[in-house]
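Let me begin by presenting the structure, written as structure tokens, before commenting on it.
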Amino acid sequence: MKTETTIQGLTASLNPARTTRKIIGFVPTMGNLHQGHLNLVREAKKLCDIVVVSIFVNPIQFGEGEDFENYPRTLEQDSHLLADVGCDIIFAPSVEQMYGKHPRLTNISVADITDDLCGQSRPGHFDGVAVVVTKLFNIVQPNVAFFGQKDYQQLAVIRQLVQDLNLPIDIIGVPIARDHDGLALSSRNGYLSEAERQIAPTIYQSLKLAEQQLHQGVELVDVLDELKFRLTAAGFVVDYVEARQPNLQPIAQFDRDLVLFVAAKLGKTRLIDNLQVKLKA
């Protein structure tokens, strides 16, 4: 396994694979890796000849008062984990390598689907994601890229970006990795206190109860109200509880496929989760 820190070095490492037309898979991360990230790499190994994982804490997707400065940088630990699952190349650039010495002048904004959910409470976040992912796609030039479904809205933004800009990359969403008690794996789970960690699985438990109620014919508005109530009663400060079509458009009257979304703070830690629901016709 190689580790490259410059664009030039990565290009040189990938040129032999490109000339022999090998399939390049790409997993973009911000490091502080957990089993969810490693599942993305495992999936990439199944489908691709060469797997590149980027580790870059992207400053322009963090808003004011968010945790950019405190976000864990664990490159040595991450490298050991990636070697164990067969990663071929780590790309770990500096901020200067990615953005130069001057403020960026180009912005990329994916309209409509970034207007609500996490986009409403984190203004500019998805623009920052769109810029860094586009840059990474142009640097790595993968055939396939892998993203987790926990960040469902982000996955939708990336799919739209690739479609609108005619990027020749297949985007694969990988199911949410969960701990034994259902909590969606996240690098930010490490911020939770021991007591908060005991409460955190309430999100997934409440989503599963909401799914059960929908199958029983309970009205969606009532299901969402109870979901929010349960989370608030458990000690969460709820950002949003919503339901959308799989393409993130508002629910129409006869939609049978939908996605339930939760974003809530527990103490100082913001947690997100979602659950895809298929109702019987």
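The backbone N, Cα and C atoms fix where each Cβ goes, and this holds for glycine too.
According to Swiss-Prot, the protein has these features:
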- HIS37: active site, proton donor (ACT_SITE)
- 30-37, 148-151, ALA177, 185-188: ATP binding site (BINDING)
- GLN61, GLN154: (R)-pantoate binding site (BINDING)
- GLN61: beta-alanine binding site (BINDING)
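Note: the CA-CA distance between GLN149 (ATP binding site) and HIS37 (active site, proton donor) rounds to 11 Å.
Annotation: LEU33 carries the greatest number of neighbouring Cβ atoms among the binding-site residues MET30, LEU33, ALA177 [cut-off 10 Å, Cβ to Cβ]. In sequence order, CYS118, PHE126, VAL129, PHE147 make up the list of same-chain residues 6 or more apart from GLN154 ((R)-pantoate binding site) whose Cβ falls under 8 Å from its Cβ. Following the DSSP three-state reduction, the secondary structure of ALA177 (ATP binding site) is coil.
There are 17 other CB atoms within 10 A of the CB of SER187 (ATP binding site), with all protein chains counted. In the structure as shown, the Cβ atom of GLN149 (ATP binding site) sits within 10 Å of 17 other Cβ atoms. Less than 8 angstroms from the CB of GLN61 ((R)-pantoate binding site) sit GLY124, HIS125, PHE126, GLY128, VAL129, VAL132, each of them six or more residues away in the same chain.
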